[in-house]
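Attaching a single structure in structure tokens format; questions to follow.
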């Protein structure tokens, strides 16, 4: 039906007869001529209709926005005075001699001349995707996935699919369950990741595996998360953590070069402990120059108990954040920052303005200055490298509260004062994570997942001191986003059973949930390691949006609902009966859907 795409026409096509298919983006009547901007997935071109071609001209007078049409015409060069430099096709136009109105359009529920609500955009997603910026993002996504496949194929990785209907295993989030009609009362789980299957593929001898795969997690959502998401999943045998990172860094560097024309350079490597100490986050945004400085040793003897208390507590922390030029902040702004850190559990935010660095106590302004000696003040100013015109913010509380609150404050101040270098890229690797962290019930949980190997520990050493164990794990972080994470896996039965035991998984539970894995580990399992990238998040970064829904064709809301199809929906009672399922309303509620499905 077409010979060319609208957005691909240029001066090389002048004089040619072309047939185009697409939509009316805009119509204008000027000087007895009818002009339309015609749009398809590749872009927009100007088409005009002359009264001399009566049939086409009369039809063109009926055109309205979003009519689906086909035209045939001749490509002409625009006069110099009419060239539109804002359009890729701005040097040419089409003189149409035939027009076929394929389908008419009702007035759109979305207004192209104003900002539509996200709810409206998601409800009419098929119309929202017609917008050039949305189409461009999905085209970029297609090019990115194509590049990844070529890279992985060229580096000896095999694209192998793993099951979508599998067994529920504890991986941190809730599973989406699928009832079995054949096996009454039993359920499949949609995979949170292909983790165990890709490890089993290494045990099968496939050596290098990858897959661009859908994963599912029933968890609370935010702007950069979806209940179903796409991973670039990777696993290797006989490669060290350093070797895996080298190949994956090469992939990302070449991807950025291909799509953005940017050389990311070598990625710095930072330990988890250093990232938390300096930036208050295990995914630090290094575009922001601000850093936290521990000052507990300097204030442990001051009379100000807000400082000295946490400074003398093994589980406490006192940290300072120096903001260059921050002395200009008003008291109102400072108070707003105090309220902000309260979100993270901080009871307050101490501050100190350095008006004259050389004047000692006389040169600072702060409610806490009276509690500081000249020596302590000078030590703090030296440690933070404070200068005249700066402000220092202080956090003093438990280690977690201070780290979380001051890390978040660092990001907010960096944005508010335009200190963060927008338009640049700051990748890094974060390594040496703790193997375990405390859970809410006083036990331990795996910081990554229970199949991650510890660094340089035997099963006996790990069992004796699990809280000191360092995981052989690594995360790739770009501009404050964790874009990928991986680890060296456990490849010996004894170590895997030890980890399960530390996590409180009994031997019976181990056999029930992971018997197939424990059996497989007995048969010459090779050392293996891997990583998974969040494809949606990578595309989000590369296309310059801050909402992951912008790079997914048909995303869910933050309530895990599809406004377009009205999913999830109530099931047919007959289908539920066949599955031996009865839906019961929660006590104290009147759920019509539950009654309908009983």
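Quick reminder: no glycine exception, Cβ is built from N, Cα and C everywhere.
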Record says 217, 218, 219, 226, 534, 535, 536, 537 bind ATP. Source is Swiss-Prot. Which of 161, 291, 482 does it list for that same site?
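For the ATP site that includes 217, 218, 219, 226, 534, 535, 536, 537, Swiss-Prot also lists 482.
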Examine the ranges 195-198, 199-202, 203-206 and name the one recorded by Swiss-Prot as region 'Aspartate'.
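When 195-198, 199-202, 203-206 are checked in Swiss-Prot, region 'Aspartate' belongs to 195-198.
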So, in DSSP terms, is residue 489 (L-aspartate binding site) helix, strand, or coil?
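The residue in question, residue 489 (L-aspartate binding site), is strand (DSSP, three-state).
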Do any residues, 6 or more residues outside the region 'Aspartate' (195-198), come within under 8 Å Cβ-to-Cβ of it, and if so which ones?
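Here the qualifying positions are 162-163, 166, 169, 171, 209, 211, 233, 235, 449, 451, 514, 517, 530.
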Between residue 482 (ATP binding site) and residue 448 (L-aspartate binding site), how far is it from one CA atom to the other, in Å?
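Distance (Cα to Cα, whole Å): 13 Å.
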Just going by other Cβ atoms within 10 Å, which of the binding-site residues 489, 537 has the emptiest spot?
537
Out of 219, 535, 537, the binding-site residues in the record, which is closest to residue 448 (L-aspartate binding site) when you go by Cα distance?
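Of the binding-site residues 219, 535, 537, 219 has its Cα closest to that of residue 448 (L-aspartate binding site).
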Would you count the other C-beta atoms found within 10 angstroms of the C-beta of residue 217 (L-aspartate binding site) for me?
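Around residue 217 (L-aspartate binding site), other Cβ atoms within 10 Å: 21.
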